[in-house]
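First up is the structure itself, then whatever we jot down about it.
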Ligand SMILES: NC(=O)c1ccc[n+]([C@@H]2O[C@H](COP(=O)([O-])OP(=O)(O)OC[C@H]3O[C@@H](n4cnc5c(N)ncnc54)[C@H](OP(=O)(O)O)[C@@H]3O)[C@@H](O)[C@H]2O)c1
Ligand SMILES: [Zn+2]
């Protein structure tokens, strides 16, 4: 190797290492910007029909020159707010966004188009658009010659919008069934009384949980028996969840559930899937199903419960309504199996959080044969088949 070759090799190595250092510093700046975008996204409202999204615009030296977040349905998307915050032209900037920019024209135009028109040269994405039908804006950006980087702090970005993500993937809101029962599984005494079955600590937790939901759902039976207010109390929230009463019976307009504290919808309907379709249409992503046993049973039969919150109180009744009515189970092999996620004490009461064991869960509209237990390891594609 002669002298000239050696010095050009050394120059090449120096350039390589400078290139690596530069790429590393760009990556670091983009990660920092994503951290900031996640913080901004978290300022968005929950519950809301839309996901929480944050966007930070950085220049070629990694300096933040613009930022924005989504303030909820009907307001500009994070990318648009960030572009509007700029004191300089957007051309050549990098947009760091917690969720893949949208590609559809909803109440606002597609953000992918706005970023293209603004002259953004690079887009860094946290979570990909989970919508199985419509691809997000990443491809549109790439087709317009914009560099797209995906998956930066993806898990944290996805964690911001678990209910929205679920609803987009399943085409319906997530359903959380909450019930309160005595240790012998009764939800009401023989005379129908059941109010304050659990302690004030358990009830305070109910209000915190209700506050995360877009709708609070009961059947006409519970409305008539308990005349509940069905509101969030003791917590500062921008607006009350939608109150939903399911069933055909005429209810007196004087009932508390029709007060002007919150909007109320009566769905004269017995099909849980139709109830959820209507709530989905209204942009509801998380449903708090609070009873009673008949309606809860119908949701179990339809395979439409995703989480369970049980408040168990150390009392015994020996008679009275069960916590759960007809859930489509006539023999032990058909039992709905749960996986327990968390057990905690709420004062004197026990709180159990669980979810249906995915291996034993029937698809909505299908029933397992008595005695069949699907292998939870099989996953979705192995359901019911054992080849
Ligand atoms: N401890 C707890 O956690 C808890 C929670 C809630 C209620 N409760 C207690 O539960 C009792 C009320 O029980 P419940 O079972 O009558 O209440 P429910 O489940 O709230 O209401 C039952 C009614 O919902 C309607 N409905 C809607 N979808 C249905 C379907 N798929 N199949 C059948 N009916 C359907 C029917 O009314 P229509 O005839 O009007 O259609 C039915 O009579 C009360 O004593 C209450 O205090 C306890
Ligand atoms: Zn958008």
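Keep in mind that glycine also has a Cβ here, set from the backbone N, Cα and C atoms.
Residues or ranges marked as active site, proton donor in TrEMBL: 79. For residue 79 (active site, proton donor), the same-chain residues 6+ apart in sequence whose C-beta sits under 8 angstroms from its C-beta are 53, 55, 68, 95, 97, 101, 111, 114, 115. DSSP classifies residue 79 (active site, proton donor) as helix under the three-state reduction.
The feature Zn(2+) binding site is assigned by TrEMBL to 77, 102, 111. Sequence-distant contacts of residue 102 (Zn(2+) binding site), defined as residues of its own chain at least six apart whose C-beta falls under 8 angstroms from its C-beta, comprise 77, 110, 111, 112, 129, 136, 137.
According to its DSSP assignment, residue 294 (NADP(+) binding site) is helical. The NADP(+) binding site annotation in TrEMBL covers 180, 196, 222, 226, 292, 293, 294, 295, 296, 297, 298.
In the three-state DSSP reading, residue 233 (substrate binding site) counts as coil. Residues annotated as substrate binding site in TrEMBL: 194, 210, 230, 233, 290.
The feature compositional bias 'Basic and acidic residues' is assigned by TrEMBL to 352-372.
Taken from TrEMBL, the feature domain 'CMP/dCMP-type deaminase' applies to 28-139.
Summarising the annotation, TrEMBL assigns region 'Disordered' to 1-31 (among others).
Annotated region 'Disordered' per TrEMBL: 352-387 (among others), in sequence order.
Cβ atoms under 8 Å from those of the region 'Disordered' (1-31) belong to residues 58, 61-62, 94, 96, 124, 149, 152-153 of the same chain, restricted to positions at least 6 beyond its ends.
Taking 210, 230, 233, 290 as the binding-site residues under consideration, the smallest Cα distance to residue 298 (NADP(+) binding site) is found for 290. The 6 Å Cβ screen around ligand 2 retains 77 from the binding-site residues 77, 194, 210, ordered by sequence position. Taking 102, 292, 294 as the candidate binding-site residues, the subset whose CB lies under 6 angstroms from any atom of ligand 1 consists of 292, 294. Maximum C-alpha to C-alpha distance over the listed NADP(+)-binding residues 180, 196, 222, 226, 292, 293, 294, 295, 296, 297, 298 is 24 Å. The least crowded of the binding-site residues 77, 210, 233, judged by other CB atoms within 10 A of its own CB, is 233.
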